[in-house]
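*Asks:* Just dropping this structure here.
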């Protein structure tokens, strides 16, 4: 994009901030659905956030797919600005160095000021992709509103009409019906461009909005993020009434954990298949069992959408629930004799505390769970066995089972929902982890996670596990999905064995203890250096080479590369202020005396010479006056005159 010519110098666009600003994450990861269900309907909410105050300026919700849910967003300029146009004070010690604007008459504190904002142009600069900006132009960071130089602006309402071919949004003024400005009278209209509709909204995208005026242009920072949720909220299925009411543990300040001197012994070999009716003499260790869940998730995700596994983090959640169910519509088998899947039914009642979606229901479903049913069957008479398709389970009121008996179902007035079972493995873009480990000031934001269930939900319905596929791709996806199912089956068997050891305890106490055991398993992996501990998740780095086992070394390597790239983009003068936290104060303290001393050395000799010359001239005049007073002037006589 060519830089427009403006009457204002570019130095006016640079403020005296010297700290980098990083924003945490609050949004929902962009969902890449599997091929069988590209038309899945979600509740999509677009949120515009005022970064200065960390408040929500606007939220727009709609029902639609992830391809067409891009509505026109409306927000008021004063919701992005506040009472006064002021920059963010990233460091409280920066206030005394001029980090605030001296003028505050450009805010929205009064009605007159709101009207005044309508007369000033504004321009917007993106901060989500600095590498796509104009070549040879340093657009700065959040402290500059990403507009440190002309040519960085991509949209706005100004006389030079800033445009861009690569930015995600356009921001223009809307029409206001409130001429008195008693309410909101500075409407802005935000629309998504074609590039924005194709972008991966895996986190909040930030922009800087600057008011075009004389002097420094004030800054307002805002983010646009997308939140995706299912239409029906998840509900608990199972006999345990304690788990649905459990809340996540309170977040405490994260302290540095000690690294174990020895790495945990892990079994590098792939998990062997276990017969349904017999248990192998050797059970794989806890570390291998959890890593196999992540490995199977990676293989299934890579087979369905390789673009998602090009560069990502797969995280095991350390808080319950550890599995979630997606209700589906499937063709179950009705048999008079119990199939092999019925023989491997768990001996204990396992509760799935999160079931979402709509699918096939069997039995008398109460009103509290009818939202999970797309199709309901009352059941069959006689001693029939209903076996769930491969890769699916029946989530019943009495627990999780791959097969249900109609005789028991009719006798107990139970009900079941056909579900896909997925481990609670969350998917994150690499930026999510790097921003948490980077040593920079940032706002605290709650992460929004995309679980594998949302990304691969409906996979069995599409025919990968339940149906018969043709071609190499179908066979490959079937193998990868079965490996994930084998890892889940092994993990569920281990959980069931743990419950058997506590069978004399209360059911609720047993499952709570089991959940604490999973939390200890996650800590075990963290102490061994296999995972990057991030809040309440255990993250494993993955790319097209597969799952990386030594994650901490990989994380340190990539953080070092990012730091080198960041340092290379900084100017030599800007880099001084990042070397030490007290360097800014030292420079500002001694810069004044140094400048005065330099001016004295440059202009002192010239001023001194002129002063000496002036004194000499005055002395010469005084000496001449003294000499003339000692003598009398002789009168001249003209002899020709009488």
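Heads up, the Cβ atoms here are built off N, Cα and C, so glycines get one too.
Pulled these from Swiss-Prot:
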| type | residues | note |
| --- | --- | --- |
| COILED | 476-525 | coiled coil |
| COILED | 535-571 | coiled coil |
| DISULFID | 125-147 | disulfide bond |
| DISULFID | 139-152 | disulfide bond |
| DISULFID | 312-315 | disulfide bond |
| DISULFID | 531-538 | disulfide bond |
| CARBOHYD | 43 | N-linked glycosylation site |
| CARBOHYD | 58 | N-linked glycosylation site |
| CARBOHYD | 267 | N-linked glycosylation site |
| CARBOHYD | 302 | N-linked glycosylation site |
| CARBOHYD | 307 | N-linked glycosylation site |
| CARBOHYD | 334 | N-linked glycosylation site |
| CARBOHYD | 374 | N-linked glycosylation site |
| CARBOHYD | 390 | N-linked glycosylation site |
| CARBOHYD | 410 | N-linked glycosylation site |
| LIPID | 606 | S-palmitoyl cysteine |
| REGION | 514-530 | region 'Immunosuppression' |
| MOTIF | 312-315 | motif 'CXXC' |
| TOPO_DOM | 35-586 | topological domain 'Extracellular' |
| TRANSMEM | 587-607 | transmembrane segment |
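Help me picture where these features are in the structure shown.
*Replies:* In three-state terms derived from DSSP, residue 315 (disulfide bond) belongs to an extended strand segment. Just so you know, the Cβ of residue 315 (disulfide bond) picks up 28 other Cβ atoms within 10 Å once every protein chain is counted.
DSSP classifies residue 538 (disulfide bond) as strand under the three-state reduction.
Neighbour count (other Cβ atoms within 10 Å of the Cβ, all protein chains): 16 for residue 43 (N-linked glycosylation site). In three-state terms derived from DSSP, residue 43 (N-linked glycosylation site) belongs to an extended strand segment.
Its Cβ taken as reference, residue 58 (N-linked glycosylation site) is surrounded by 19 other Cβ atoms within 10 Å in the chains shown.
Taken residue by residue with DSSP, residue 302 (N-linked glycosylation site) is part of a helix.
Reduced to three states, the DSSP call for residue 307 (N-linked glycosylation site) is helix. Neighbour density for residue 307 (N-linked glycosylation site): within 10 A of its CB lie 11 other CB atoms from the protein chains shown.
If you draw a 10 Å sphere around the CB of residue 334 (N-linked glycosylation site), it holds 12 other CB atoms from the protein chains shown.
According to DSSP, residue 374 (N-linked glycosylation site) sits within a strand segment. In this view, residue 374 (N-linked glycosylation site) is surrounded by 13 other Cβ atoms within 10 Å of its Cβ, with every protein chain counted.
In the three-state DSSP classification, residue 390 (N-linked glycosylation site) falls within coil.
If you draw a 10 Å sphere around the CB of residue 606 (S-palmitoyl cysteine), it holds 9 other CB atoms from the protein chains shown.
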*Asks:* Secondary structure at residue 606 (S-palmitoyl cysteine) (DSSP, helix/strand/coil)?
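*Replies:* DSSP call for residue 606 (S-palmitoyl cysteine): helix.
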*Asks:* Taking Cα atoms as reference points, which of the recorded positions 58, 125, 147, 315 is nearest to residue 410 (N-linked glycosylation site)?
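*Replies:* Closest by Cα: 315.
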*Asks:* Through the lens of DSSP with three states only, how would you label residue 410 (N-linked glycosylation site)?
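*Replies:* It is helical.
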*Asks:* For residue 334 (N-linked glycosylation site), name the DSSP secondary structure in the helix/strand/coil scheme.
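*Replies:* In three-state terms, residue 334 (N-linked glycosylation site) counts as strand.
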*Asks:* Using C-alpha atoms, which one of the recorded positions 125, 139, 374, 531 comes nearest to residue 315 (disulfide bond)?
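*Replies:* Checked the recorded positions 125, 139, 374, 531; minimum Cα distance to residue 315 (disulfide bond) goes to 531.
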*Asks:* Spatially, which candidate from the glycosylation sites 43, 307, 390 is nearest to residue 147 (disulfide bond), comparing Cα atoms?
*Replies:* 307
*Asks:* Residues of the same chain, at least six outside the motif 'CXXC' (312-315), with any C-beta under 8 angstroms of its C-beta?
*Replies:* 294, 297-298, 425-430, 432-433, 449, 532, 534, 537-543, 547
*Asks:* If I take the alpha carbons of residue 334 (N-linked glycosylation site) and residue 538 (disulfide bond), what is the distance between them in whole Å?
*Replies:* 41
*Asks:* Counting distance between Cα atoms, which of the recorded positions 152, 307, 312, 374, 531 is nearest residue 43 (N-linked glycosylation site)?
*Replies:* 374
